[in-house]
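These notes are about the structure you will find just below.
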Amino acid sequence: MESLLDKGAMESGRKSVRDVVTHLLEGLRSISVFITTKIILWDGVARESSPFINSAEMDRGNMYEGKNMALFEEEMDSNPMVSSLLNKLANYTNLTQGVVEHEADEDSKRKEVKVPRMGTFIGVYLPCLQNILGVILFLRLTWIVGTAGVLESFIIVFMCCACTMLTAISMSAIATNGVVPAGGSYYMISRSLGPEFGGAVGLCFYLGTTFAGAMYILGTIEILLTYISPSAAIFKAEEVGEETEAMLNNMRVYGTCIIILMAIVVFVGVKYVNKLALVFLACVILSIIAIYAGVIKTAFDPPDFPICLLGNRTLSKRSFDVCAKFTESNNETKTTTLWRLFCDSSLLNATCDDYFSLNNVTEIQGIPGIMSGVLADNLWSAYSEKGSIVEKKDQPSVAGSEDTKMGGLPYVFTDIMTYFTMLVGIYFPSVTGIMAGSNRSGDLKDAQKSIPTGTILAISTTSFIYLSCIVLFGACIEGVILRDKFGEAVDGNLVVGTLAWPSPWVIVIGSFFSTCGAGLQSLTGAPRLLQAIARDGIVPFLQVFGHGKANGEPTWALLLTAGICEIGILIASLDSVAPILSMFFLMCYMFVNLACAVQTLLRTPNWRPRFKYYHWTLSFLGMSLCLALMFICSWYYALIAMLIAGCIYKYIEYRGAEKEWGDGIRGLSLNAARYALLRVEDGPPHTKNWRPQLLVLLNLDSEQLVKHPRLLSFTSQLKAGKGLTIVGSVLQGIYLDKCTEAQKAEENVKALMGVEKTKGFCQIVVSPHFRDGISYLIQSAGLGGMKHNTVLMAWPQSWKQTENRFSWKNFVDTVRETTAAQQALLVAKNIDLFPTNQERFTEGNIDVWWIVHDGGMLMLLPFLLRQHKVWRKCKMRIFTVAQMDDNSIQMKKDLQMFLYHLRLNAEVEVVEMFENDISAFTYEKTLMMEQRSQMLKQMQLSKNEREREIQSITDESRGSIRRKSFSSPQSIGQDAQALLTNDYREEEVAQLIHDRNTASHSAPAIKASVAAAVPEKVQMTWTKEKFVAEKHKNKDSNVSGFKDIFNMKPNQSNVRRMHTAVKLNGVVLNKSQHAQLVLLNMPGPPKNRKGDENYMEFLEVLTEGLDRVLLVRGSGREVITIYS
């Protein structure tokens, strides 16, 4: 650097000054490049400080590390660089941007989770397998096959498996469309269909999971008391026929004890439950393997399970051991236990049951084997009534006396009435559990790959097991054994256990542990689902269940789950509980399919699932199948479940926390709204469909609060939540400066709309001029065909005050613009006296003064108001005015007939108003009005306008003087300011008349710019003398104007108008002074704008003395019709 400076100094003597400066500049440029190079080094190179660079700026640059991103550094606080976010984007639990609107509160409370390690097999496939295979397979599938037959059982299982497979496809699409945190199906539905659907279906899924726990516990007790230890029963059947009731009571007692025990286990050590899950799953898998092994063994060595038949009736072997009427021993015939059950004594000549006497006792093999051909006998259904005897088809028998009592005889009876739809409800819970994989999405290595693969593979596996078991059971086991629900004909053995190899106890023990494990899993999962719903905050009364132990375990939710589970235990019948949980699961699956179908049809930009093998038709088919299965299972259970879900939906809609999750229902609403708007755009609505679509113009104070809240009260009374309501207001200023105030004003207006129950939209416009803002709203509020057709505003009470001298101009221009836009206008005078929504008028009238025809607005408005509770008890009266040439009697009859055809109930009165002389009062009032108007014209420029006028003069003078170099700008400015000050001091009411429009202001400016380049062309210069002369000239004209005011005569047209207003006001006061509301035709403004201020005076006189007035101006079209 020094060499560069020295070089410049040495050569300075030999070169010109210009060359020296050039060299010095080049040297400084080299220095700046050197400094810049040292500062803008990449990471790893030491940065050198420099006295030429501000250290604070250096610190800021170091903070962002945006080496060549200085253009964006002012926004980096809100928009950080992508490089700093990539690591966080990889792990959804650390997202700081992009999910703020979805999960900000939830994710901020979550602790750092451990790195997921589960794959498809361990994380999805096995949990789904464990949840799907369970109690129904071991306890009810054989009975379903025997009752419905192989063909119908195949249809039942195929329908249920198809339902879950279609649901799994939809679920896979949703689960792979982004990250699915804890909550599983609830999370997917709520984020796809919104909080209302999500909460309703989430709670239904919770109830289904809870009742599933009850079903598993009942299955555990049934296995224990029926197949493992029948002697453990507390309640015994003392009389014949009480066995079922005793069993149900045992279920209730044991179930309550087990539910308490399981709840304690879950509360104390949930981690042990998760560790034992694989043990329980192993029991299930071993049991299924034992079944297949037993089927193979029957092909060459069927097991020995003889069945005792009396004729074609199956006998229960619990009561006897020898399947014969008598036995031969030492050439002596002895009767057996079976004989004594059917006869009154053990003697051979005893009196026996007719059927027992007429039919022989035979013994057949219960499991003839897969090669026996028994499949043909089991193909068809054998539905029966409750209490009927299980009979073998094609077995010879002789019918006995019909009077014989069956009770007490050792037959195998059916415990419930059976039919196809009932069996669907009982079987469906055996295919539930497909959500187990999606519930563990947070623990998977690659959830978007594992969930579809594992779930669909698990459903395929279990579907194969169920369908193959149906065929194998039908091919191996005798039909009467299949229909024997509790295995009474095979010494009380589990029916499916008789088929298993090597021992029935493999199935009994395996099914016992699997049902225990499934019950524990339900009691573990259901409280967590309830906790997830509670923590979302969408159902206020559930928030207490979001709390738990310090480690997050849902204690309160566990207690509620155990309580609901106890309800299922008290029902005590497995066959009664199964359809209940079928309803809740089917509803959940239906909405999963609906969510996928809606997202696919809407084609929302965020719908990009990695799982590609889905289609909206599959989702729709799955949804339809779920709905059909609900009503097939039990139509009344289906209606109850839908009613519960509907109540929850409406509760969340009205009382729940508002959540914006970008759900599909919102997208569906937008699509439907777009479609409807395009349809409405086709043309104006028919007269029958016309209703006032309101644009309500509000005034705001300096704090952005609404000045007249009663205007919104009146809006809600008039609309009653129907049609379109747009609440608009105008802020004066520039939007860039007023955007914060506009947001505050919008919040205040929306809050007031909520308080007043005004359903509609809010629109705040910022405009440099208040008048223009009103015009923008009238022209552009609404969208397409959903535009307002009526403007509602308050009467400007302070229009006569000098500080608010332009309010009447804005009002009159608004009246003109609504007329030009062919919109109706409602003006509420004395709006602060109008009733609130809480008030109720117990009596009084709504008086309509129908002066001119306005399309029927005056008739329609009272009818709409009387629909609201505030005005309901008010009577409607219609007055019209008759002139001298009118037949008032005929007018009244015609009006009554017209109202009859309009289906309106109202009293009718014709008021006669004849011509008479104009009173002195009217003449004097008109004169005062015109004098005031003339005074306003001469004082119409405000102080600010006068200052701007003189400033423009001063600016033009400065330009001329600067170009000609006559004097300094400061002197002209001081002279003008002095003149302005003296002018105010001399006469406040006088003003400088110097009318220039925008063009006349801009023209001198253009000339001035040209004159700056060509000074010779300047032709006009303002001097102090000319300025003073102009001022005195205008002052003299103003003084003469004030003198003329007191010598003027009123305009005859204005006198006539004032006469009409005074006369009509007197008539209205005479008839309607005590009415609750007066509706009156609003006269139009004058075509000549010079009479605008007089128009305001006419309206004031017309409504003088009335408490509540609604001035109505029609839109120029008919709004009410006599036709249907």
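Even glycines carry a Cβ here, placed using N, Cα and C.
Noted in TrEMBL for the protein shown:
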{"type": "COMPBIAS", "residues": "943-959", "note": "compositional bias 'Basic and acidic residues'"}
{"type": "DOMAIN", "residues": "124-298", "note": "domain 'Amino acid permease/ SLC12A'"}
{"type": "DOMAIN", "residues": "417-695", "note": "domain 'Amino acid permease/ SLC12A'"}
{"type": "DOMAIN", "residues": "825-965", "note": "domain 'SLC12A transporter C-terminal'"}
{"type": "DOMAIN", "residues": "1025-1124", "note": "domain 'SLC12A transporter C-terminal'"}
{"type": "REGION", "residues": "943-968", "note": "region 'Disordered'"}
{"type": "TRANSMEM", "residues": "118-141", "note": "transmembrane segment"}
{"type": "TRANSMEM", "residues": "153-176", "note": "transmembrane segment"}
{"type": "TRANSMEM", "residues": "197-218", "note": "transmembrane segment"}
{"type": "TRANSMEM", "residues": "253-270", "note": "transmembrane segment"}
{"type": "TRANSMEM", "residues": "277-296", "note": "transmembrane segment"}
{"type": "TRANSMEM", "residues": "416-436", "note": "transmembrane segment"}
{"type": "TRANSMEM", "residues": "456-482", "note": "transmembrane segment"}
{"type": "TRANSMEM", "residues": "502-520", "note": "transmembrane segment"}
{"type": "TRANSMEM", "residues": "556-574", "note": "transmembrane segment"}
{"type": "TRANSMEM", "residues": "580-602", "note": "transmembrane segment"}
{"type": "TRANSMEM", "residues": "614-638", "note": "transmembrane segment"}
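Under the criterion of 3 or more C-beta pairs below 8 Å, with sequence separation of 6 or more, the transmembrane segment (253-270) and the transmembrane segment (277-296) do not qualify as touching, having fewer than 3 such pairs.
Relative to the transmembrane segment (456-482), the listed stretch 118-141 leads the set 118-141, 502-520, 556-574, 614-638 in CB pairs under 8 A. Only residues 6 or more beyond the boundaries of the transmembrane segment (502-520), in the same chain, are considered here, and those with a CB under 8 A from a CB of the stretch are 130-131, 133-135, 138-139, 212-213, 216-217, 219-220, 223-224, 227-228, 258, 262, 265-266, 273, 276-277, 279-281, 283-284, 286-287, 290-291, 293, 493-494, 496. Non-local neighbours of the transmembrane segment (580-602) in the same chain are 163-164, 166-167, 169-171, 173-174, 177, 185, 188-189, 192-193, 197, 201, 204-205, 207-209, 211-212, 215, 425, 428-429, 432, 568, 614-616, 619-620, 622-623, 626-627, 629-630, 633-634, 637-638, 640-642, 645, 664-665, 667-668, 671; each lies 6+ residues outside the stretch with a CB under 8 Å from one of its CB atoms.
Here the transmembrane segment (614-638) does not lie next to the transmembrane segment (197-218) in space: the count of CB pairs under 8 Å, restricted to residues six or more apart, is fewer than 3.
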